[in-house]
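Engineer: Dropping a structure here in structure tokens format, bear with me for questions.
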Amino acid sequence: PSPKVQATHPDCSVVLYFQEQEAECLEIIRSESQTPAPPGLPRQQGCLTEWDGVSCWSAVPVGQSRAVTCPDILHVFKKSKALIQRNCTESGWSFPSPPYYNACELEAMGSNNDTEAKASYFVTMKVLYTCGYSTSLAALFLAIGIFSCFRKLHCTRNSIHIHFFTSFILRGAAVFIKDAVLFSDESVDHCTMSTVNCKAAIAFFQYSVLANFYWLLVEGMYLQTLLLLTFTSDKRYIWWYILIGWGVPMLTVCVWVVTRLQYDNHGCWDDYTSLYWWVIKAPILLAIFVNFLIFLNVTRMLAQKIRSPDISKNYKQQYMRLTKSTLLLIPLFGVHYVVFALFPEHIGVDARLYFELVLGSYQGFLVALLYCFLNGEVQAEIKRNWGKWQSSMESNVFNLATQDFTA
């Protein structure tokens, strides 16, 4: 049976398969060269073990032959029962018969035009998600500046929003860092690259993704707490929210890093087919599941409060304003992840990349838009300070004109 290949990308399994086969063959050749010849016999009586770039041919005496099958690599060679044979002659190994290209039929693979189209597709996708993350980062920094500058906006709710914005900033920065570390040098073999820098970049990326989902969970938890405990100060819970939003992802990533170092320290740790990927995937799915339950519960509580005759119209409007953003974000952020989690990683790769990279890159902008730029409280505060600034400017101009007149 073929050895299990660890790879950073499905296409890399082909490269790593032949590298492992070659390493095993060279080890056999090395051990044979170190084995002393029997007394009274010449050193070489036949054909020595040889690696021809595809298969390893074991040593045989002159006049005998060896037969091997096609390399057992999924999605590359079709299953063929044909045998490739080589004879050991006095002048050495004969050529493979039949040749590999006749005996081993390749699976249908794309033409050069398909390869160029695929390369162009990935370049276009990179441009799109680079623009998306750049737009999101600009909007998020502006939103954090607005919440920080205006004193009347300082409250627990907006503090949680700032942490949520920060998780998106980290996620966008992690994508740019990962691209710079893994793909900046085209001469680097990504299939065998296993440096500390690339592993650290992947670990930081996984932490930012986890923090992103857990701060969305905190947003949902805060909204539910606000509806359940109307007369309780929410400041007492802020440290619990911070512990969940930043602490749980940190603990998860630390466990994942130790696990990969101990049991699966191959490549750059961006192999999503590894079983250890569930150390990251399971907590994300848990956060999405809990958020979905919160979504249902908040919707139920909101319907009850709106129907209640004891609550004034102003309170009903306040409940609607508090819930519309979070109720929109919870399904928006989790649905595609749950759908793709039900399928293996190699299925729907193009759709997965589009949702996670292109559409996902604009999620930070959407969050800033919903929680800050379209927030009535924020708009009112900006208008109020803009009016004060205009009045101050007009007053200064009037004072200067009066001074000139009296002078």
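The backbone N, Cα and C atoms fix where each Cβ goes, glycine too.
The feature domain 'G-protein coupled receptors family 2 profile 1' is assigned by TrEMBL to 24-108. The domain 'G-protein coupled receptors family 2 profile 2' annotation in TrEMBL covers 125-375. Residues or ranges marked as transmembrane segment in TrEMBL: 127-150, 162-183, 213-231, 238-258, 278-298, 326-347, 353-374.
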Engineer: Same chain only, please: residues at least 6 beyond the ends of the transmembrane segment (353-374) with a C-beta under 8 Å from a C-beta of the stretch. Say none if there are none.
Structural biologist: 125, 128-133, 135-137, 139-140, 142-143, 146-147, 161, 164-165, 168-169, 171-172, 175, 325, 328-329, 332-333, 336, 340
Engineer: Output the single range from 127-150, 162-183, 278-298 maximising the number of Cβ pairs under 8 Å to the transmembrane segment (213-231).
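Structural biologist: Ranking 127-150, 162-183, 278-298 by Cβ pairs under 8 Å to the transmembrane segment (213-231) puts 278-298 first.
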Engineer: Within the domain 'G-protein coupled receptors family 2 profile 2' (125-375) only, compute the mean pLDDT.
Structural biologist: 82
